[in-house]
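If you check Swiss-Prot, you get these features:
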- 19-26, 81-85, 136-139: GTP binding site (BINDING)
- Thr26: Mg(2+) binding site (BINDING)
- 10-204: domain 'tr-type G' (DOMAIN)
- 19-26: region 'G1' (REGION)
- 60-64: region 'G2' (REGION)
- 81-84: region 'G3' (REGION)
- 136-139: region 'G4' (REGION)
Amino acid sequence: MAREKFDRSKPHVNVGTIGHIDHGKTTLTAAICTVLAKEGKSAATRYDQIDKAPEEKARGITINSAHVEYSSDKRHYAHVDCPGHADYIKNMITGAAQMDGAILVVSATDSVMPQTREHILLARQVGVPRMVVFLNKCDIATDEEVQELVAEEVRDLLTSYGFDGKNTPIIYGSALKALEGDPKWEAKIHDLMNAVDEWIPTPEREVDKPFLLAIEDTMTITGRGTVVTGRVERGELKVGQEIEIVGLRPIRKAVVTGIEMFKKELDSAMAGDNAGVLLRGVDRKEVERGQVLAKPGSIKPHKKFKAEIYALKKEEGGRHTGFLNGYRPQFYFRTTDVTGSISLPENTEMVLPGDNTSITVELIAPIACEKGSKFSIREGGRTVGAGSVTEVLE
């Protein structure tokens, strides 16, 4: 599919379908595209186009996920749908497809199932702020009392995981009937989009967040000082501003005396740019790859944190055997590896390839991280897992 010109006039929001296998996530994704295509707000996308999701790599991990685009009257959406349960877990933990909100699909014929719970928990852990519920297959489970009972169960479940279950919108629909063009059920897709427009918050743009650049390389320019290069992850940096150098060593401040991109001098660099930053009064020996430049006070170095991780299966290039408490791999944050030890939850003896679990990590050197920071777990240079920081401890 050719990328159309990106319409910047509407706010951009990333969403995704989550929920138990065969509850209708992919059918709903196809239905949204098909119904909105009638109004020219999406490209019509068939079920099999979404189901044959292409492979992509994120943090050394292969993930299958399908991406579609559509618009409502208010916003432009990028929507991700994953074919397999493991793909969802990998997607959420690696942040391969950022989700500003989710559409939770629950079948009215089955109610809440194990993956429903797991996806809600993961969404909570990785910081998805809100979700809208689509109660699917209401053309089959026509008994209104049954539908109400399922809706109540979903609300209770959302509340138990820290979401606002009481006020979360629940749309009663049939993805299949909407996909087939039945007007009664097509109307429910419009109801769903209105709920997504209203309930899922517009995310803060990356450029409006506090400045952060991950250092990839350092060099000395004779007579001018030290230059660090790297990609601006978020925010904006202007010449003359003071920044902090964070991670691996004690925090130190420095003033930016120049910014360069593609061999041109610039006044500023912003989110997404690869830039060289000239720092006054910093010796090259005092900065290194793996540190970050950041707006003062915006991020702290931490050695100990809690995380949600996914251990790669053997077929995915992961370990052939599980790992125990005290396992010491490398944790790759942004641009560098730091060794650390893993503590498993109380009743977990071992993490097997293909598992996802919560762990506590203690690194040998502090690294700039915060809730939501992503990392890879590596052993001898190969990726054996992926993780997302859920809480910083010290």
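The backbone N, Cα and C atoms fix where each Cβ goes, glycine too.
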Residue distribution over DSSP helix, strand and coil in the region 'G4' (136-139):
0 helix, 1 strand, 3 coil
Which one of these binding-site residues, Lys25, His85, has the sparsest Cβ neighbourhood, judged by other Cβ atoms within 10 angstroms?
His85
Mind giving me a neighbour count for Cys138 (GTP binding site)? Other Cβ atoms within 10 Å of its Cβ, every protein chain shown.
24
Cβ contacts of the residue listed as 'Mg(2+) binding site' (under 8 Å, same chain, 6 or more positions away):
Thr17, Tyr47, Ile50, Asp51, Ala66, Asp81, Pro83
Tally Cβ pairs under 8 Å between the region 'G4' (136-139) and each listed stretch (19-26, 60-64, 81-84), then give the stretch with the top tally.
19-26
What average pLDDT is reported by the model for the domain 'tr-type G' (10-204)?
92
